[in-house]
Structures are given as structure tokens and as C-alpha cells.
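Colleague: What follows is a structure written as C-alpha cells; I'll ask about it next.
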Amino acid sequence: MPLSSRRAFVTVRSSQGDKEPVYRDCVKQCVRTNCTGARLRGFESAQPQYMALTGWTCRDDCRYQCMWTTVGLYQAEGYRVPQFHGKWPFARFLCFEEPASALASLLNGLACLLMLLRYRSTVPRQSPMYHTINAFSLVSLNAWFWSTVFHTRDTYLTEKMDYFCATAVILYSIYLCCVRTLGLRRPGVSSMVGVLLILAFTSHVSYLTFVSFDYGYNMAANTTIGMVNLLWWLCWCWHNRRTLPYWWKCGLVVVLLHGLALLELLDFPPLLWILDAHAVWHLSTIPVHFLFYSFLIDDSLYLLNTEKMGVKVE
């Protein structure tokens with residue numbers, strides 16, 4: 001269920017800061033002076049290995065330095081800090097472009113991995129939802145991996161993988177919900193929904209890759225899918241509130257995930273040039289993994305016991 005929202009950038013990733021003549025002239029002068037001939041070789045020989053391995057180039061370094069030059073001029077004149085290329089200015093730490101968001105994504109992935117291992121050690125493989133939940137966990141781990149990579153180094157590839165893998169999690173959340181609420185009694189229904197979701201994912205990725213990487217469309221699509229997921233789970237929770245004592249865990253998780261996503265609307269310049277609204281959102285979702293897997297463990301054990309007793313599953 002995590003990763004239910006994404007940043008709402010405009011279609012073209014340009015912002016006030018990188019449109020400024022002072023910024024553009026600074027980058028041109030820096031590249032012309034430092035990124036050719038002997039100076040370029042000097043830059044490459046002095047560059048730390050971890051920077052080279054993560055793809056930081058001389059031009060990238062010029063853009064980074066000129067960004068801070070422009071920010072300093074804005075602050076000196078009393079203007080609001082501008083964005084650059086669709087993002088707030090962040091203080092780079094080692095090779096990490098957005099240190100707080102990268103750390104938060106890593107911690108989310110570790111929390112997911114820890115709870116997956118706990119699930120596997122607690123729930124027998126015979127439980128009806130065991131394999132579906134394992135697959136969902138692997139999809140989620142993959143998404144948090146690419147989120148960490150993207151916030152470490154924003155490139156054409158890492159951005160696409162971050163966005164596409166996040167969408168995969170949201171769609172698989174729908175499938176997980178469908179299997180739990182309908183598929184255990186009607187496997188054909190969940191199979192049909194699974195095929196439709198695969199087609200939807202393929203169409204979504206194809207459009208963003210070959211037609212237009214539209215950030216507004218991507219966010220609208222993910223938000224719509226997320227709302228379907230929210231309402232579906234909440235209806236199931238309400239229907240089972242008198243029979244399943246752990247129903248509240250599921251309800252609280254889906255409400256928290258969608259509520260916490262609203263933190264992104266704050267969209268403030270990074271505190272200490274590290275912590276922005278996106279990082280705060282990612283940090284806030286870390287505890288949710290523990291509650292969600294607590295629900296999954298309780299529900300999987302319940303399903304296993306009811307199956308052994310031959311009781312109808314709700």
C-alpha cells in the first residue's frame with residue numbers, strides 16, 4: 001500500500017532558478033573554463049571514486065556550484081529561494097543528491113524487509129495469502145530500492161525507474177486487495193483483475209516512455225488508483241469490523257498512508273538545505289510498515305485457521 005503519491009511537477013522540468021540569466025551564464029562560464037582539456041583531466045583525477053561511480057560529471061558540478069551562487073543572490077536581495085530543474089536546492093552529502101529522502105527511502109526498504117522476514121517466520125506457507133503477500137513485499141522492496149537510488153542520483157533512468165516502480169506498488173496493492181476480498185472465493189475474478197492491472201501498467205509506462213513523460217498525468221493516475229485502493233480496503237474493513245478483531249489495523253494503515261501523502265502539499269524549501277516535504281513524507285511512512293505487516297500476519301493466520309476448520313472466508 002505505500003508509495004501512493006508522487007511530486008506534481010509540470011511537464012517540462014524547468015524552474016525559476018535555472019531560467020535565470022545569472023545561473024545560465026555561470027554554468028556556461030564554468031563549463032568553458034573547467035570542463036575541457038587539462039582542467040577536465042584535473043577534475044577527473046581529483047574527483048572521489050564514489051562521485052565518479054554515481055555519474056557526477058564536471059558539468060553537473062558546475063550546475064551544482066552555480067545553483068548555490070544563484071541562491072545566494074536571491075537571498076541577498078530578500079527573494080524566496082527558487083527551484084532548479086523542478087527541485088529545491090539540496091546540500092549534497094558525498095554522492096547523495098537528496099540525503100534526507102535517500103535515507104528515508106532506505107529506512108522504508110529496511111522496515112519492509114524486516115517485516116517480510118518476520119512474516120515468513122510467523123506465517124506457514126500453507127496460508128492462502130502467503131505467496132501473494134510475498135510477491136507484494138518484493139515489489140515494494142524493489143520500489144524502495146529505486147527510490148533510494150533516485151534520491152541519491154537523479155538521472156533519466158533513475159527517475160523513470162522510481163516513478164514506474166512506485167506505480168507498480170500501487171497497482172499490486174489493488175491486486176492484493178482483490179485477492180483478499182474476492183479472489184479466495186472466486187479465483188477467476190482476481191486473475192481477470194490481475195490481467196487488467198498488467199495491461200494498465202504496460203499502457204501507463206508506454207505512454208510516459210514513448211509519448212510524453214507528463215508529471216501531472218502520472219500523479220493524477222497514481223492518485224486515482226490510490227483512492228480506489230483506499231475505498232476498497234475501507235469497505236472491506238467496515239464489512240468485517242464485527243468478525244475480525246484486527247480490522248482496525250488495515251483501516252488505520254490505508255488512512256495513514258493517504259493522509260501522510262498530503263505532507264507533500266507543504267512543499268517548502270529544505271530545512272538546513274536537507275529536509276523538505278518529500279523527505280518528511282517518506283520518513284513518516286516508516287512506522288506504517290510495522291502496523292501493516294502486523295495486520296497481514298494476523299489475517300494470514302486467521303485465514304489458515306479458518307481453512308483448516310472449513311469455515312467460509314470473509
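Placement of Cβ uses the backbone N, Cα and C atoms for every residue, glycine included.
Predicted, not measured: the structure shown is a model, and the values here were computed from it.
Residues or ranges marked as transmembrane segment in TrEMBL: 100-117, 129-149, 161-179, 191-213, 219-239, 246-266, 286-304.
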Colleague: Which of 100-117, 219-239, 246-266, 286-304 has the most Cβ pairs closer than 8 Å to the transmembrane segment (129-149)?
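Modeller: Against the transmembrane segment (129-149), the leading stretch is 100-117.
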Colleague: Could you tell me what the rest of the chain brings near the transmembrane segment (161-179), counting residues at least six beyond its ends with Cβ under 8 Å?
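Modeller: Apart from its flanks, the transmembrane segment (161-179) reaches 1-4, 6, 129, 132-133, 135-136, 139-140, 142-143, 145-147, 149-150, 189-190, 193-194, 197, 200-201, 204-205, 208, 218, 221-222, 225-226, 228-229, 232-233, 236.
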Colleague: Using a Cβ cut-off of under 8 Å, list the residues of the same chain at least 6 residues beyond the transmembrane segment (286-304) that approach it.
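Modeller: Non-local partners: 1-2, 104, 107-108, 111-112, 114-116, 118-119, 122-124, 126-130, 133, 180, 184, 244, 246, 249-250, 252-253, 256-257, 260, 313.
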Colleague: I need to check the long-range neighbours of the transmembrane segment (246-266): which residues 6 or more away from its ends have a CB within less than 8 Å of a CB in the stretch?
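Modeller: Residues 1-2, 4-5, 7-8, 226-227, 229-230, 233-234, 236-238, 240, 277-278, 280-281, 284-285, 288, 291-292, 294-295, 298-299, 302.
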